Amino acid sequence: MLASGNSSSHPVSFILLGIPGLESSHFWIAFPFCIMYIVAVASNIIILHVIRTDHTPHQPMYLFLAMLALTDLVLSSSTQPKMLAILWFHAHEIEYHACLIQVFFIHAFSSVESGVLMAMALDRYVAICFPLRHSSILTTSVVIKLGSVVMVRGLLWVSPFCFMISRMPFCPNKVIPQSYCEHMAVLKLVCTDTRVNRGYGLFVAFSVVGFDIIVIGISYVMILRAVLQLPSGEARLKAFGTCASHICVILALYVPALFTFLTHRFGHQVPHLVHIIFANVYLLVPPMLNPIIYGVRTKQIRDRVVRGCCGKEP
């Protein structure tokens, strides 16, 4: 059934298939996703609690970690509860406006996450290459302004997606062959010319991700140059280990995200199951890994978590 408006008609709801081709295994597939989601939510809440209750002055990395944790909570919670309902309870239907809200949250906070990772790379660059000026360059005011720019960029860049889709007529087919509403998946159900939407999507993806990846890449190249000049072999090894773990988390976000984005547009020969798995990985694995890599490997946070587990006062 279609709901009619002044300038468009849209279905009352869409049907999310979950993971097509593995319907008989949906019940069991849900368990690892549920475990990863619980780990992501619990670990990010712990990070936020540690930062909120810490009595030491909040360094830039603390503030960036808080931004990242909040973003990860929103990003994972925008898809996983519905996905688990599909896999366990066959709740395949999603209301039209709820679908558009999901599109907005997924893309807006993916952009925010990318921006926060860029900001954290800049913070590491300043901390390692200009240690004596770190606190004067990245003041609390600068960090808040940078975080605000990242947030506003995500909201403003993604909002036109939902506005343009809401003004378009839809075909009778209302089946989305994956577990959540994504811009290109919804756009394929539209019965009109979508070249403007596709072009805008490419512009947003390459302007946001392209800029962030360039800044992150330059930052880590400069960091590695500084690390190679350290006199102590042990210090170099420790710094390399930290950089390697950070780069792995960054790749865990960008590789599946870009794979999913490009497959929607150009990867017609890619098996659909592979596409769906990658699409779910980039929305769940980074929120699970980020608090472990960035949080637990930060000495102050690790010490607070250990003291909390041991029941000792800070």
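The chain as shown is numbered from 1 upward.
Here the Cβ of each residue, glycine as well, is placed from N, Cα and C on the backbone.
On a predicted model such as this, the values are computed, not experimentally measured, just so you know.
According to TrEMBL, the feature transmembrane segment maps to 27-50 (among others). Counting only same-chain residues 6+ beyond the ends of the transmembrane segment (27-50), those with a CB under 8 A from a CB of the stretch are 19, 65-66, 69-70, 72-73, 76-77, 80, 83-84, 87-88, 280, 284-285, 287-288, 290-292, 295, 301, 304-305, 308.
Among the features that TrEMBL reports, domain 'G-protein coupled receptors family 1 profile' is placed at 43-294. Across the residues of the domain 'G-protein coupled receptors family 1 profile' (43-294), the predicted structure has a mean pLDDT of 90.
Panel annotation: around the transmembrane segment (62-80), residues 33-34, 37, 40-41, 44-45, 47-48, 51, 54, 102, 105-106, 109-110, 112-113, 116-117, 119-120, 123, 140, 143-144, 147, 150, 179-180, 280, 283-284, 286-288, 290-291, 294-295, 298, 300-301 of the same chain, lying at least six beyond its termini, place a Cβ under 8 Å from a Cβ of the stretch. Look at TrEMBL and you will find 62-80 (among others) tagged as transmembrane segment.
If you look up TrEMBL, you'll see 100-122 (among others) marked as transmembrane segment. Beyond the ends of the transmembrane segment (100-122), by six or more residues, the same chain brings 61, 64-65, 67-68, 71-72, 74-75, 78-79, 82, 94, 143, 146-147, 149-151, 153-155, 157-159, 161-162, 165-166, 180-183, 186, 204, 208-209, 211-212, 215-216, 219-220, 246, 249-250, 253-254, 257, 282-283, 286, 294 to within a C-beta distance below 8 angstroms of the stretch.
Look at TrEMBL and you will find 142-166 (among others) tagged as transmembrane segment. Residues 8, 10, 60, 63-64, 67, 100-101, 103-104, 107-112, 115-116, 118-119, 183, 186-187, 190, 196-197, 200-201, 204, 207-208 of the same chain lie 6+ residues outside the transmembrane segment (142-166) yet bring a C-beta within less than 8 angstroms of a C-beta in it.
If one looks beyond the transmembrane segment (202-227) by at least 6 residues along the same chain, the residues whose Cβ comes under 8 Å of a Cβ in the stretch are 107, 111, 114-115, 117-118, 121-122, 124-125, 128-129, 153-154, 157-158, 161, 236, 239-240, 243, 246-247, 250, 254, 257-258, 261, 265. If you look up TrEMBL, you'll see 202-227 (among others) marked as transmembrane segment.
A Cβ distance under 8 Å defines the sequence-distant neighbours of the transmembrane segment (239-261), meaning residues of its chain 6+ beyond its ends; these are 110, 113-114, 117, 120-121, 124, 128, 182, 184, 205, 209, 213, 216, 220, 223-224, 227, 230, 267, 275, 278-279, 281-282, 285-286, 289-290, 293-294, 297. TrEMBL lists 239-261 (among others) with the feature transmembrane segment.
Taken from TrEMBL, the feature transmembrane segment covers 273-294 (among others).
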